[in-house]
Structure formats: C-alpha cells, structure tokens
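Listed in Swiss-Prot:
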BINDING   Ser11, Phe12, His19, Gly91, Leu92, Arg93, Glu101, Leu126, Gln127, Pro128, Ile129, Ser130, Ser131, Ser132  ATP binding site
BINDING   Ser11, Lys43, Ala76, Arg90  substrate binding site
SITE      His19  site 'Transition state stabilizer'
Amino acid sequence: MSGKIGLYTGSFDPVTNGHMDMIKRASHLFEHVYVGIFNNPNKQGFFTFELRAQMLREAVCALPNVTVVSAEHGLAVDLARELSVTHLIRGLRNTADFDYEAGLEYFNHRLAPEIETIYLMATHDLQPISSSRIRELIAFRAPITGLVPQAVINQVEKMNENNKKI
C-alpha cells in the first residue's frame, strides 16, 4: 500500500450508508483516504455545507486513516494535487453512474493524467440508496434508520424536535 493516497468526493447531502461502505472499503486499500465534500453547482443543498461536513466528520471518526476535507468550490483534481493524492475513488451503483463517471474520468484524466481513477462497485444491498431518496424520506419524516449513519439520524431528530425546516 505504500504511498497510495485516495480521494473520494461528493456533496454528501446527506452522507449515506452507501457512501460509508465506499469510504470503509477504500480505507483498507489506501494508506490514507481523503473524503472531499463539495457543493454541486447543479443542486440546491438540502443541508448546509457546514452541517454536511459535520455529519460526515462524525460518521468517519472511527476510521484513523480517513480525513474529511472541505472544498466548497473547485475541481476534485485540483484538490487531489494539493493533497498529493495518487488515486480518485469513485463509487458505482448502476449503469447510469457508470455513464456519468466515464465522462467525468475523461476530463479528470485530461486535467491530471498523473492521477488514476479507480471504481468500486456498490455493495448489492446498498445499491438503491441515494442521497436524493434519503432527502425525500426526511422531508416526509419517514424512517431512515439503516440507510444513513447515526450522525445523520441524530441531526434529523434534532431538527424535527425543534420543528425546523431542514
């Protein structure tokens, strides 16, 4: 594993158990894994950027070789270079993810040919989980246990107790 440093990026709005599975698996493959939280300019955030970062940090706190980094704006390859990353880590749930990632990898490789991209297939029972589906469940106050880390559940319960709009 010597010298292999990974970067797994996303908006994590919110972080799901699917994301966590990818992060845990990557932590066994790399000496160090950075998890870069970004804002997606094509999506309006459900949770604030700060709250997403906080929940993600709480979710990965038991993984000693994982560090959450905030990169509100910019390109993943720029952050990867800044952190001396050797590999971008991407998760695939289905063929739609594959098509999207193939296009993204083309541009990442053009911008940073020295950084390799690796793909991890989602664990079968976690493939249906997506942040957008979780947001729908939260909006209707449906149970999310088993779909997201405890940090997300705690935050949603806190907001529901205060009757706040998320």
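For all residues, glycine too, the Cβ spot is worked out from N, Cα and C.
Predicted, not measured: the structure shown is a model, and the values here were computed from it.
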Which Cβ among the binding-site residues (Ser11, Gln127, Ser131) has the fewest C-beta neighbours inside 10 Å? Gln127
By the count of other Cβ atoms within 10 Å, pick out the sparsest of the binding-site residues Ala76, Leu92, Ile129. Leu92
Provide the number of Cβ atoms within 10 Å of the Cβ of His19 (ATP binding site), excluding the reference atom itself. 25
Provide the three-state secondary structure of Leu92 (ATP binding site) computed with DSSP. strand
Cα-Cα distance linking Ala76 (substrate binding site) and Ser11 (ATP binding site), given in Å to the nearest integer: 12
Out of Lys43, Arg90, which has the highest number of nearby Cβ atoms, where nearby means within 10 Å of its Cβ, if these are the binding-site residues? Arg90
Spatially, which candidate from the binding-site residues Lys43, Ala76, Arg90 is nearest to His19 (ATP binding site), comparing Cα atoms? Arg90
For Ile129 (ATP binding site), the three-state DSSP class is coil
Could you state the CA-to-CA distance between Glu101 (ATP binding site) and Lys43 (substrate binding site) to the nearest Å? 17
Nearest by CA distance to Ser131 (ATP binding site): which of the binding-site residues is it, out of Lys43, Ala76, Arg90? Lys43
